[in-house]
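Listed in TrEMBL for this protein:
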BINDING   187, 301, 305  Mg(2+) binding site
């Protein structure tokens, strides 16, 4: 079932019809129910928000329009508060007041920014929510991406530093100390949205669901028949829905970051959207993707970016220090490396890739 906004968007952009088909294929691959759940017990709806396709599948025939309307309200509320491209959003107001004064925000926005700052500190800035100036400079994913000059890079890099952000929990304010600084929550907001939807479904009495925000998967509970969910790891070289491996999970989130998500190619070189905060350029470390498996989707969202930026060796070492967090690394030479807790748990689905354990 598609929302009106989704139908209008597809009608205006024919290529999206292909994406819908791919999404459906990905969902079948990633969240197979093995034919054990009658079709009338699976209720689903697709939305378009955060510049991505969001699909929620509830494995309970009691799920109705009112539940999907409530989910849409959650998504639109988050977008209205945290979309930096909406002038009326709280994040846009924080950015507009950078170097001037603190801005009061909602408890929801404060929670996400606090979490983003915590992961920035944990990763020594590999994940940094103040990445906005670099995002704007490169324009990857927009109509006119470009390779910036060295002078432009240095100017933008001077404005990327999570330590120059003040969060006052008591006052409920956020302040960016330097004029021109800019928050971008694109690396964490989808995870937060998945967690919010999952919490709502629990309150509504639903125990089995798949929440898919553009490939960020939250597998709620287990399947109605008592078996585990099967989640696919995207093949970075193929269209969405093609996998390199699958993993079986219960009540986990599976979130990936990779070079295939948003990029442009110039002179035969691919420039993707995951930036190295130490150089200002897209990360170049022979990784194609990193998938994080953990309990909370917001954490996984931030970690997938941070761990990707760290690279294979440092990324594996970093993940080993975290509780209840596992990772899957896919490299340019078509090898798949699971972290310690996932060894023996991956099932390869592509003959082009080699599992290294």
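Just so it is clear, glycine is given a Cβ too, placed from its N, Cα and C backbone atoms.
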> Near the Cβ of residue 301 (Mg(2+) binding site), how many other Cβ atoms are there if near means within 10 Å?
Replying inline: 32
> So how many other Cβ atoms are close to residue 305 (Mg(2+) binding site), meaning within 10 Å of its Cβ?
Replying inline: 26
> Taking the centroid of the Cβ atoms of 187, 301, 305 (Mg(2+) site), which other same-chain residues have Cβ within 8 Å of it?
Replying inline: 127, 186, 188, 191, 255, 257, 302, 303, 304, 306
